Amino acid sequence: MSVSIMDSEPKLETAPFDPRFPNQNQTRYCYQSFVDYHRCQKIKGEDYEPCEYFKKVFSSVCPGDWVEKWGEQLENG
């Protein structure tokens with residue numbers, strides 16, 4: 001049996017609408033999701049699955065350079 005190409009491709013998703021950030025500029029949504037992800041991991045532990053929601057959001061909304069810079073800042077204290 002042949003496998004459909006569509007079945008093997010990953011499903012692309014973006015962050016859902018958040019009424020706290022209704023404007024076109026999503027900078028605050030990006031930053032708040034990054035902060036919420038790390039706060040969630042700190043409080044609940046790194047293996048807590050619901051924290052991954054925030055990671056999905058900031059990975060989708062934030063520019064990669066910002067995430068790298070913030071990650072370096074976290075590592076440096």
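Placement of Cβ uses the backbone N, Cα and C atoms for every residue, glycine included.
On a predicted model such as this, the values are computed, not experimentally measured, just so you know.
Listed in TrEMBL:
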type	residues	note
REGION	1-20	region 'Disordered'
DISULFID	CYS30-CYS62	disulfide bond
DISULFID	CYS40-CYS51	disulfide bond
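In the shown protein chains, 20 other C-beta atoms lie within 10 A of the C-beta of CYS62 (disulfide bond). Around the Cβ of CYS51 (disulfide bond), a 10 Å sphere holds 20 further Cβ atoms from the protein chains shown.
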